[in-house]
Amino acid sequence: RERVRAMFYHAYEHYLESAFPYDELRPLTCDGQDTWGSFSLTLIDALDTLLILGNVSEFQRVVNVLQEGVDFDIDVNASVFETNIRVVGGLLSAHLLSKKAGVEVEVGWPCSGPLLRMAEEAARKLLPAFQTPTGMPYGTVNLLHGVNPGETPVTCTAGIGTFIVEFATLSHLTGDPVFEDVARKALKALWKNRSDIGLVGNHIDVITAKWVAQDAGIGAGVDSYFEYLVKGAILLQDKELMSMFLEYNKAIKNYTKFDDWYLWVQMYKGTVSMPVFQSLEAYWPGLQSLIGDVDNAMRTFLNYYTVWKQFGGLPEFYNIPQGYTVDKREGYPLRPELIESAMYLYRATRDPTLLELGRDAVESIEKISKVDCGFATIKDLRDHRLDNRMESFFLAETVKYLYLLFDPDNFIHNDGSVFDVVITPYGECVLNAGGYVFNTEAHPIDPAALHCCRKRKEEQWEVEDLMREFYSLKKNKKFTLKRASGHGEGESAKDPEDAPSEKGGEKRNSKKSSHSLLSCPSQSFNSRLAVLGQVFLDNA
């Protein structure tokens, strides 16, 4: 764990020293470059990792730097997918962790806050991409002008189906349903266009819904679509999303799985098109563990681990029958996916083999890719040549999952035994109880936060109007105030109207009530308004 911490700071401090405010560090020349849109991307991506490592002071400093320095109103063509998972996801995660990091949050948090406003602004810049006949988004958008007139309509499957985690979180926190709506529409469009044998291809035309690349598999171009069906289902408790994934899972097992490897097949016929393992596929065992399929997950993980041991990393492509790398795909850009799966599976099994993978990863990365100014992408695993790039996901994902693998007591692994209660404009809210859902860039989202702000803005204004009316009437002594019976310790409800409400047959103790301030049991607003355990009666 301490070696992983040292890795993080070696990379992070050299980014700040040599590359900030550019997106990424170039570790061989000790300078920086913009790659995904000029957002100081490594800083956004590394922010929640700082807190996971326990560095609250640097977290607080970076929050201030980002508020002052990041501008999305720029004439830049940005990847819709990458901007969402790295920028929107990173800002949302940091927003929800702000209070834990000791940031002085504004009144109304987590339903408001500067990082949430930045995440919303970035996401709004992506919305024009979704304005297509199918609801599936373009792959690129200009942050100032929207979709360029000559933009290609061909987008990869993952670039269409990897929005529900961030966009649903935004909708629940801000009260604006547009984000979740466009994400769901895109997910369902892919589902509607699956083949008769239940598979999706790699690239599709978002205007005509015709499949352009018809290779079906679990890796590059498709991967996070399947991941977000599962994680979206968990985050939103959505049975429809989970049933969609389980149907895909059957087809994947039937047509692409051979001896615990997953190949690429033709999406309409199921015939093998590429007998190749891609390093991006190594997320799959972790995803299997999330649905409880741990035995299959471990068998596949062990296959992938043999490849790691062969090369000291996972080549981008590995020819399974030949047992070797594929030409021009021999590199390893310090990807996190195998480590991510090890972290999930270790939580599920405590199998020490998974810690061995973690140790091997630390030693490989230190031995092969560490340079004076950070950690460099491995251009070729056969001879360990390096490339002049350190992707932001190295600090967002690779280091984070390694650290969490070796830190069983980290707050991220909380089992619900400790939590925070915050008061929002909508009532009491439990946060930081655990169960974090990682987006595909390893930014943890607290699922409880989605229940803190779920009343729409219109209803908020409605209750504010009612409160104003009440206070003006109270001033005129037309209202009297009394404690609601049943709220004190050991008291019972003396009046049927004061009894705990029943919802779905479940009686709720009013002291422990989780309904929002807008839910007044069995009485309409004009005759009774309950606020924080007090009931105001109209005596007129």
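Each Cβ is built from the backbone N, Cα and C atoms, and glycine gets one as well.
Note that the coordinates shown come from a computational prediction; the quantities given were computed from them, not determined experimentally.
The active site, proton donor annotation in TrEMBL covers Glu82 (among others). In the structure as shown, the Cβ atom of Glu82 (active site, proton donor) sits within 10 Å of 20 other Cβ atoms.
Feature annotation from TrEMBL assigns active site to Asp223 (among others).
Taken from TrEMBL, the feature active site, proton donor covers Glu316 (among others). In sequence order, Gln278, Ser279, Leu280, Val326, Arg329, Glu330, Gly331, Tyr332, Pro333 make up the list of same-chain residues 6 or more apart from Glu316 (active site, proton donor) whose Cβ falls under 8 Å from its Cβ.
Residues or ranges marked as active site by TrEMBL: Glu337 (among others). Taking all protein chains in view, 24 other C-beta atoms sit within 10 angstroms of the C-beta of Glu337 (active site).
For Thr440, the entry in TrEMBL reads Ca(2+) binding site.
What TrEMBL lists as compositional bias 'Basic and acidic residues' is 486-508.
Per TrEMBL, region 'Disordered' is recorded for 482-521.
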Same-chain residues at least 6 apart in sequence with Cβ under 8 Å of the Cβ of Thr440 (Ca(2+) binding site), in sequence order, are Ile85, Gly89, Thr162, Val165, Asp223, Ser224, Glu227, Tyr228
Rounded inter-Cα distance in Å - Glu82 (active site, proton donor), Glu337 (active site): 16
Among all protein chains shown, how many Cβ atoms are found within 10 Å of the Cβ of Asp223 (active site), not counting that one? 25
